[in-house]
Amino acid sequence: MSAVADTHAQDHHHGPASGISRWLLTTNHKDIGTMYLIFSFTMFLLGGTMAMVIRAELFQPGLQIVQPEFFNQMTTMHGLIMVFGAVMPAFVGLANWMIPLMIGAPDMALPRMNNWSFWLLPCAFLILVSTLFMQGGAPNFGWTFYAPLSTTYGPPSTTFFIFAIHIMGVSSIMGAINVIATVLNMRAPGMTLMKMPMFVWTWLITAFLLIAVMPVLAGVVTMMLMDINFGTSFFNAAGGGDPVLFQHVFWFFGHPEVYIMILPAFGAISQIIPTFSRKRLFGYSSMVYATGAIALLSFLVWAHHMFTVGVPVAGQLFFMYATMLIAIPTGVKVFNWVATMFRGSLTFETPMLFAIAFVILFTIGGFSGLMLAIAPADFQYHDTYFVVAHFHYVLVPGAIFGIFASAYFWLPKWTGHMYDETLAKTHFWLSFIGMNLAFFPMHFLGLAGMPRRIPDYALQFADFNMVSSIGAFMFGTTQLLFLLIVVKCARGGEKAPAKPWEGAEGLEWEIPSPAPYHTFTTPPEVK
Amino acid sequence: MRVHAKRVGALSGGLLFPALSMADWTVNMTPGVTGTSNDIFNLHMTIFWICVAIGVVVFGIMFWSIFAHRKSQGAKPANFHENTLVEVLWTLIPLVILVIMAIPATATLIDMYDTTESDIDIKVTGYQWKWQYEYINEDFGYFSNLTTPADQIGNRQTKGENYLLEVDNPMVIPVGKKIRFLLTANDVIHSWWVPDFGFKKDAIPGFINEAWTRVDKPGTYRGQCTELCGKNHGFMPVVVKAVPEEEYNTWVAEKKAAAEKERELTQKDWSMEELMERGEKAYATNCAACHQADGSGAPPAFPALKGSAIATGDIAAHIDIVVNGKSGTAMQAFGGQLNEADLAAIITYERNAWGNKVGDMVTPKEIFDYKNQQ
């Protein structure tokens, strides 16, 4: 057997195909991971540009730059693009690149489906972005698209939006199936589940969340489609439907969705902090159980987004208690990270800076989340800028800083070059200051009574809005620096060794940098 | 209205940007003027200080590590990576804190849900983009519209003190009485919020939500719609005047008399000029937000009326769409919202303004008959 198999294997030890077909037809997890990451960054810049439009309009009271209709399109598209276009694909990209390298697999388990799930995404976003140029404009009902504003009162482009969501959902589900199949079947001999790197663990749990809730999202947009085009009344009170049903179904998807966007970042941070603390991750097994607990609880808290819709008091209490419980496993994770750093031997390369900022700022977002969980207090916070501050604190320094930390951490492995540390630190500090300047004052605005999703505001909100806009412009512009750093690193720079970080552990650091096109064709042995 | 709240809980933002004489750097929630809002404020401050305390401990240990356990300081990594006792403790202590927090929160919540034994019931209906207040025991009601001029919004005029928070007809309530609100909506979901009262409740089409308040201090309290409801979501404020009881009673008597007078308008004989004059005003309040002051609309969602087939065609079809609305679109049924005089005036105005020279008119009496024959 071996003689035949060996010759066969020899034939296939080739590099990538040349030209465009390399990218269109590739089944290589590294190529697909790269495409996901490039796509995600493109969407990040596009969604960011829309955020700049929003902040420019809110720079001063009065309407200066855009009209309310277009403002609402900007808030909607900014949210949709950042959630579905920037954050989720970035994590799928990281999963594609890193999971096979971390578990010692030659590729993802289902490489052709991998190609398909990537190429669906540009199609979906082409449709979504094209609605901006349609008659009646793009979706303008917020990224949460509450019915009946999005059905009976939605613009004609809503049907295209629904189609785009369906395609994104298919792509996400296929990506999740691929991750589960890879992690469960293709681990190197000796790598038991409880020996897997945390990033692999959190992604495995995330993938189950995706499979559980993306069909729910597909269901809710399909009901919208029926209401809009086929005369049903799922959400139309005049026809006997129920507008609140929409919110229940949407948030049954929406709450696990926020963990889909943060759990992989938890995993990446759990790789990075031990590396630069030169000390093993504290409480590995409690980390795994905490992640699982967060994922399970995420299915039981959806109505905390709906405290003001008139849920009966017993329901209100149940969702309040369940939401407060999430603080416990989340707290365990934060305590574990701090305990990992405690009595370590710390250095502060850029991935570590982003990771430390992640822990601090995500915790601040967690605190405001705990405040929002208190149902009576939520009556004051709900749908104000306090909520905007809260979810930007968990998503920007949470998900996005997690992605930046991962990118700097693994760039040497991807490109074979070290990135420019000075520029990267500049990127960090400008992002850190800009982000806090943009989002911290939003807490004050919300507590003072400014509702979210308004294009113009009363005069007492003027000062903090101006501060916030300045911070947002600073944060937005800074991201161009990241593009420069990555391009520079891809084109050259100091040669990266196989293991560029002194304290790094794991299979991905045992292969040369840049990672060869095919890795682990013979499975490594894990002890 | 109070703008400078106590600066409790001034976080870094408050320290970075000291208050300027002209600026408003309010950083915290205000305690408000009701029992509920005070309870909420206390809950808010308690949980805030708990978070601060946890933050100080956690970040304190973290910064200590960053300071003392640097490699450049010659720190050697320790070897521990598990400690069952510590892990059990930092699971149990937060649990205890949460239980302590949940007790007052539960009490406040149950109190907020007790809408029984109210003195006055007011039905609040959200429309795109105005509020309707109906005093259901007194048999009158009215709409409350934004009065901030377009020139202020468009920066052609200096903005007034209550920019975007001013209305033509505020809600009026007596102090010291338990007011029960019944909230619903006519088109999309809206949300009625007055921060000083400490309650916010969604107004949802097809549902009636209940909430209550008791205001102790007379004054004018301002809030806004807090659920995205379309393009003018930012332009439908809530203004409530809390007045002493005698003043409230006088106001109710006036309102009832005015409602009676309105009903008489239907019977009056109207001339074309009178209808056009009334129509222009009523159109500006009720129609111009979508169809624009010059009738040009904002197609495709809001069609132009200038030269439109309906506004220049058969008058029966025109009456039908204004009174009954058009299902599946943003065009509301105005039959229940406006009195006959306004409906007749608006239809007449639309048929004869902006170059629509149909020349015919419809009287309030005809509208009254049309509505009754349905």
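Any Cβ shown, glycine's included, is placed from N, Cα and C.
Under the heading domain 'Cytochrome oxidase subunit I profile', TrEMBL lists A:23-527.
Using a Cβ-Cβ cut-off under 8 Å and counting only residues 6 or more beyond its ends in the same chain, the transmembrane segment (A:35-56) has close neighbours at 23, 26, 64-66, 71, 74-75, 77-78, 81-82, 85-87, 89-90, 92-94, 96-97, 118, 121-122, 125, 129, 400, 403, 407, 438, 468-469, 472-473, 476, 479, 482-483. Among the features that TrEMBL reports, transmembrane segment is placed at A:35-56 (among others).
The feature transmembrane segment is assigned by TrEMBL to A:76-97 (among others). Residues 29-30, 32-37, 39-41, 43-44, 46-47, 50-51, 54, 108, 114, 117, 121, 124-125, 128-129, 132, 138-145, 165, 168, 172, 175, 179, 199, 203, 206, 257, 260-261, 264-265, 268, 395, 399-400, 403, 406, 410, 414 of the same chain lie 6 or more positions beyond the ends of the transmembrane segment (A:76-97) yet place their CB under 8 Å from a CB of it.
Taken from TrEMBL, the feature transmembrane segment applies to A:118-138 (among others).
Annotation comment: TrEMBL describes A:158-186 (among others) as transmembrane segment.
What TrEMBL records for A:198-225 (among others) is transmembrane segment.
Annotated transmembrane segment per TrEMBL: A:245-269 (among others), in sequence order. When Cβ-Cβ distances below 8 Å are used as the criterion, the transmembrane segment (A:245-269) is approached by residues 83, 87-88, 91, 94-95, 144-147, 197-203, 205-206, 209-210, 212-214, 216-217, 219-220, 223-224, 234-235, 291, 294-295, 298-299, 301-306, 309, 333, 337, 355, 358-359, 362, 391, 394-395, 398-399, 401-403, 405-406, 409 of the same chain, each at least six residues removed from its ends.
Per TrEMBL, the feature transmembrane segment maps to A:281-303 (among others).
If one looks beyond the transmembrane segment (A:318-339) by at least 6 residues along the same chain, the residues whose Cβ comes under 8 Å of a Cβ in the stretch are 266, 269-270, 273, 281-283, 286-287, 289-291, 293-294, 297-298, 300-304, 307, 311, 359, 362-363, 366, 369-370, 373-375. Annotated transmembrane segment per TrEMBL: A:318-339 (among others), in sequence order.
TrEMBL lists A:351-375 (among others) with the feature transmembrane segment.
Annotation comment: TrEMBL describes A:387-411 (among others) as transmembrane segment. Within its own chain, the transmembrane segment (A:387-411) is flanked in space by residues 37, 40, 44, 82, 86-87, 90-91, 94, 97-98, 258, 261-262, 264-266, 268-269, 271-272, 275, 349-352, 354-355, 357-358, 360-362, 364-366, 368-369, 372, 381, 417, 419, 424, 427-428, 431-432, 435, 438-440, 442-443, 445-446, 452, 475, 482, 486, 489, 501, 508, which lie at least six positions past its ends and keep a Cβ under 8 Å from the stretch.
Sequence annotations record features per position, and here TrEMBL assigns transmembrane segment to A:423-446 (among others).
Packing against the transmembrane segment (A:466-487) from elsewhere in the chain are residues 41, 44-45, 48-49, 51-52, 55-56, 58-60, 396, 404, 407, 411, 419-420, 423-424, 426-427, 430-431, 433-439, 441-442, 445: each is 6 or more residues past its ends and has a CB under 8 Å from a CB in it. Annotation comment: TrEMBL describes A:466-487 (among others) as transmembrane segment.
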Mean pLDDT, the domain 'Cytochrome oxidase subunit I profile' (A:23-527)?
96
